[in-house]
Amino acid sequence: MNCSAYCETSPKIEWKKDGTFLNLVSDDRRHLLPDGSLLINSVVHSKHNKPDEGYYQCVATVDSLGTIVSRTAKLTVAGLPRFTSQPESSSVYRGSSAILNCEVNVDLAPFVRWEQDRQPVFLDDRVFKLPSGALIISNATDTDGGLYRCIIESGGTPKYSDEAELKVLPDPEVPRNLMFLRQPSSLTKVTGQSAVFPCVAVGFPTPYIRWTRNEEELITEGYERLLLLAGGSLEIREVAEDDAGTYSCIADAGNETVEAQAELSVQVPPEFLKRPANIYAHESMDIVFECEVTGKPTPTVKWVKNGDMVIPSDYFKIVKEHNLQVLGLVKSDEGFYQCIAENDVGNAQAGAQLIILDLDVAIPTLPPTSLTSATNDHLAPATTGPLPSAPRDVVATLVSTRFIRLTWRTPASDPQGDNLTYSIFYTKEGINRERVENTSRPGEMQVTIQNLMPETVYVFRVVAQNKHGPGESSVPLKVATQPEVQLPGPAPNIRAYASSPTSVTVTWETPLSGNGEIQNYKLYYMEKGQDNEQDVDVGGLSYTINGLKKYTEYSFRVVAYNKHGPGVSTQDVVVRTLSDVPSAPPQNLTLEVRNSKSIMLQWQPPPPGTHSGQITGYKIRYRKVSRKSDVTESIGGTQLFQLIEGLERGTEYSFRVAALTVNGTGPATDWISAETFESDLDETRVPEVPSSLHVRPLVTSIVVSWTPPENQNIVVRGYAIGYGIGSPHAQTIKVDYKQRYYTIENLDPSSHYVITLKAFNNVGEGIPLYESAVTRPHSDTSEVDLFVINAPYTPVPDPSPMMPPVGVQASILSHDTIRITWADNSLPKNQKITDARYYTVRWKTNIPANTKYKTANATTLSYLVTGLKPNTLYEFSVMVTKGRRSSTWSMTAHGTTFELVPTSPPKDVTVVSKEGKPRTIIVNWQPPSEANGKITGYIIYYSTDVNAEIHDWVIEPVVGNRLTHQIQELTLDTPYYFKIQARNSKGMGPMSEAVQFRTPKAESSDKMPNDQASGSAGKGSRPVDLGPDYKPPLGGSNSPHGSPTSPLDSNMLLVIIVSVGVITIVIVVIVAVFCTRRTTSHQKKKRAACKSVNGSHKYKGNSKDVKPPDLWIHHERLELKPIDKSPDPNPIMTDTPIPRNSQDITPVDNSMDSNIHQRRNSYRGHESEDSMSTLAGRRGMRPKMMMPFDSQPPQQSVRNTPSTDTMPASSSQTCADHQDPESTTGTYLANAQEEDSAQNLPTAHVRPSHPLKSFAVPAVPAAGPAYDPALPSTPLLTQQAPNHPVHSVKTASIGTLGRTRPPMPVVVPSAPDMQETTRMLEDSESNYEPDELTKEMAHLEGLMKDLNAITTA
């Protein structure tokens, strides 16, 4: 493929294929030649691999100038030679005409030549070869007789067709009916090509052929481009656009005429009426590239800058149909701009260069004539001198919706300013692209800036210029335009009516509330059900739109424009274009011979889009094949079948069908033939009982054989075999009437089956015949493969049943169309159908699972299945029917339709605020119901103005198929609107409806614990999975604004605490007495090595000074924070549900006896139904977390995360800890892998150093219906390092925001759980010594005194 580009600097040549650059460096087949052309060696092409076919484009780049692209060229690889039809032997009367068919691939038709008796056939005025390859012989002579064959010579080995004999018979000179051997068919040609309309008619007297175009006589004599060929065919050379029309071939035999019509459509490649010109410009100027094209079909125009598509925006606009306007030039706009026009038959491009000069460089008076680099001819200043200072007091004296008037005072350096000119630079706020407006005369100190946008902030600056050059710029001035208020109202009385099948006229009246003279109107129209609205500018009060689809609904609306811009649109009016005759024939006409006097016709309607109106019926024409002139017509209703009766026995008939509308008859199908039966059987009653039934049981099958009914005069169309265990009605199988045996498969061994056989026809099923059989056991394999029937009346099975079609293939054509092709082994090698067989195609999809099959009939070896769903897998199978015989279904073929853009928006869009972070929201949604492909992402649009243009909304892309997304840093107390759009590989789907959400009024300070928890988990920490069943905390913790919701007052809370404390003391005393008896010296040594959890009390040597830790409980409110166990089968949590509050984290010393040493906190607190755990709340007891210790060093099972504040947690420091914002909330960590590697402890996860020192208050968990790992999570507690066992625990919660008083310390010991036992390490126990218990009791008594003091206070 040739490509050459010229420039002073040698350009770099690259090639694109299908829009993608080719890597020619590493390609050993495709090479770039020195002149830029592309050479492809050894073209690769196969049925499933066509790497070289496609659209090629040449790209030339010069680094200092830019890039240009060539027009595209389509490369198609010619197929291998094959004949779609071959010549057949025939006879012709002397002086008459004959046609020998030879249809080949379209791309090889020019390489066909003919031989007669193995000698080349020379073409002349009498012998002519059609473009399709067929040979026409007119005015036949005896020398035309012989053996003919056609040959394809395409450079390789010639391929020969079959030979066919043409016999020339003497003319009997008796009248013969006038008929066409070949009729013209409609053509579509490109200007400059040749068109041939074949037309061959025979009869006696010999007919005379004449032609008309658009019902006007066509004179071919003396006209170079029109040529009458052999037999009367018409050739039009160098087709022009004026040649389009309806051509009629009229064969006149004196007393009889026949006529055939065909359409010639002429297409014109794009041509430029005006090409873009090169432009010099300065920055901030506005320029327009002009481009005007013509062509048929109307070309589409796109603009390319340096090889990249130009996307229209506020500064790049398409004006006057195809012109490109660039506003406010910047240096990066420099380069090559190309106008590329394309239609179905070609494409063309024209380019121009934009060169942006420095401000001190003169713009040439004439545009550059060639593409060159920017000139550097600087203007020499006339004189040198001072430049003016900045203009003073720049103000906006008049501000409207779309224009602003600015005034200013002269610069201080030149108070007179008579000779100064001014340049006003302006831009939208936040946009770097400036535009410039100059004053019209020297000394003028005001300017009006037009064409601004309403409610938009603009930035203005003014620069004065004297004879020495431009001076300083003024201080930028920001001005906002007014909102739009002076726009025209809707045009009243809009009406639309169809004026033809392809045009609609729309009328309206002048708007009543114009607020200014109406300048023009814009008429918008759109096909009903589509989303691509088109518009046209109109100057008057009516307009006729042409080129619409026939009998199609369109909606129309009108918008009036005045000097302020577009007004309010009218309501849509809907009108349907007029109907016309159908433009296509019915599809898939099939014939079924019913008996000797009737044939059933079945067909499908014309393809969608070709009805051109409401189908009111179908016209059926039929005739005997032997007498083609005697045609009978029958007009039926809208049903898709017709039974033609009253035919003659054993006679072949031809049929054709055409669709009708109120406007007339559309084109008819091709003639299809079928032959009636010679004789009929009786089908007024059901068949009699079959004369015999034999069964032969095998292990998993039963062979059934039978003989037909004795009365052979009743029609039998098949047999119904029923079978089942104990009943014959479980399964039914129907077989062909010629079949005499059948094997029932997939049965159970050693089972008693009952079998019934009935003959049936169209009247119904006959009397059944019953038989029973018991299948053989598994062990019996004798005579499994032997089958002999000794019944005296059993006939031999039909040796040639109908074979099902083979090679069924599904070719996907689009998102809703698949072509099914197959082969029929019962046809000749050329697969030509010469009898009345037809094929039935069935298809279905497995989604949903209960989908039924759809079927359609076809008379060729292919069928186009339409109306399918996008991106859906279908299965197809085919069967063949010939007369009374049908095959079984073929093997299935599968095909998945192509993807389509989503046709429905995402569903169930919800917006929730993120707890603790009122400036952050979480958007959730569900995929669209009609995704039409794999969703590759979503786009979230949000705005504070629901009526804003969509390009003004903020965009948040979401990659992949995620269904949730966080948006941060929103404004408080502001309503936001959200829309979501789904994306797949084909593009963007529709947007969802806007969902409103108002952010909270104030930023709540309760986010501190959440923020710290999520940000302070140090090395090795891990958030605890709360699971999807997590419910909000009790006591108002889930209030988004921190409003307290707890129903408990302080007095009630204190009474509960005192009661629980007393009960706890009694239980601890009982446990202590029981445990004292089981103390061992081994346990004493282990306890001596332990350290307390909060660091305020430590063991010293063998000290028994054991005090339980303080449990900080809010003195004004009690908060229970439920944390349900995740349903995820995490091995960490198999035996240890996460406790629902801190009081449930009750450790058990693993040295206790397994029967009695599992402790449970008896303190319940207040529980509501919402706070009950799904695991334990409904059983009336808390779930437990088992935490043995001393069995192994803690560092092997616990990840140590030192706190940022490792101060001792003494009672005097607790208040400070509570108020310290830098303190870190820790997390307990449960690590399955580390636990398993340490030892197989069924419940070992967190190991505090003492059973009574494991209390802690968990941080406020993140709110939400489910715990998404992608969202920030809030850890519970962090185990301190063993050497610094300090728990710095936050107690701030949503319900206690703003309070500074510290919580009261209350100790609530654990009680042993006597009923529930857990298997612990067998070699370890833990008890208190007697003096340890004494100190413990003393500590508890002190606790009671504190509680009494609280209650009295």
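Cβ coordinates are placed from backbone N, Cα and C, and glycine is handled just like the others.
Summarising the annotation, TrEMBL assigns domain 'Ig-like' to 1-76, 81-167, 172-265, 270-355. Taken from TrEMBL, the feature domain 'Fibronectin type-III' applies to 390-484, 490-580, 585-679, 689-779, 804-900, 905-1002. What TrEMBL records for 989-1045, 1086-1108, 1122-1225 is region 'Disordered'. The compositional bias 'Basic and acidic residues' annotation in TrEMBL covers 1000-1009. Among the features that TrEMBL reports, compositional bias 'Polar residues' is placed at 1036-1045, 1139-1155, 1192-1225. The feature transmembrane segment is assigned by TrEMBL to 1052-1076.
Across the domain 'Ig-like' (270-355), DSSP helix (H, G, I), strand (E, B) and coil residues number 3 helix, 52 strand, 31 coil. Within the domain 'Fibronectin type-III' (585-679), the DSSP-based counts of helix, strand and coil residues read 0 helix, 54 strand, 41 coil. Contact check: the domain 'Ig-like' (1-76) against the domain 'Ig-like' (270-355) gives at least three Cβ pairs closer than 8 Å, residues 6 or more apart, which meets the contact criterion.
The predicted model assigns the domain 'Fibronectin type-III' (689-779) a mean pLDDT of 89. Count of Cβ pairs under 8 Å against the domain 'Fibronectin type-III' (689-779): among 172-265, 270-355, 804-900, the largest is for 804-900. Secondary structure of the domain 'Fibronectin type-III' (804-900), assigned with DSSP and counted as helix (H, G, I), strand (E, B) and coil, comes to 0 helix, 46 strand, 51 coil.
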